[in-house]
Amino acid sequence: MAAFPNLNSDAGLKKLDEHLLTRSYITGYQASKDDITVFAALAKPPTSQYVNASRWYNHIDALLRISGVSAEGSGVIVEGSAPITEEAVATPPAADSKDAAADEEDDDDVDLFGEETEEEKKAAEERAASVKASTKKKESGKSSVLIDIKPWDDETDMKKLEEAVKSIQMEGLFWGASKLVPVGYGIKKLQILCTIVDDLVSIDTMIEEQLTVEPINEYVQSCDIVAFNKI
């Protein structure tokens, strides 16, 4: 489990940045509700000073965007619960909130905001020290890329366009979720997410040499990189 102080303070951002030094996500090995909770607690994206937190924020933002979820909202209060505020999201529950804690245990069997034990803190420090001290060659990194692919006109068969795009297969390239987004005049563009192994795939080269040349350019007019984030 992970616990953070006020995430809109320097201390909170520093804690988050250190936590993400050896992790791609808040907990586990894929995006979860924990990432959404922390993402929502941040009033604005972390600055480049917090390299790891900024990288994580951009990645979660891209995942939300491809899922059709806006990163902004007008605020919400659920009857019988506290407003979603910095304190409610980022601060551990008060000691006398026994009933609320019991309900959370029934739902998840995990106290998401409990404090780290000494063993967990020590293990996290050892992992961070190991990463900094390691002289071994790092494994090739991965990146998450969101691409806009535009057709020639409103008569372009978008199903065939998507099939043509996904027909591009190479080592280190993994196609993900996609959706059609209206752009006007009856025309829709394909927005698609992919994951690449940085040392094996160049997105720019793939666009220039495969996505915009024959036979795929029968359907594809142009491609734009919307988001590019290290993971």
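Yeah, the Cβs are placed from backbone N, Cα and C, and that goes for glycine too.
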Segment assigned the feature region 'Disordered' in Swiss-Prot (from 16-35, 116-135): 116-135
Outside the compositional bias 'Basic and acidic residues' (119-129), six or more residues from its ends: residues with CB under 8 Å to it: 1, 18-19, 21-22
Cβ packing number for A2 (N-acetylalanine), 10 Å threshold: 20
Secondary structure tally of the compositional bias 'Basic and acidic residues' (119-129) (DSSP, helix then strand then coil): 11 helix, 0 strand, 0 coil
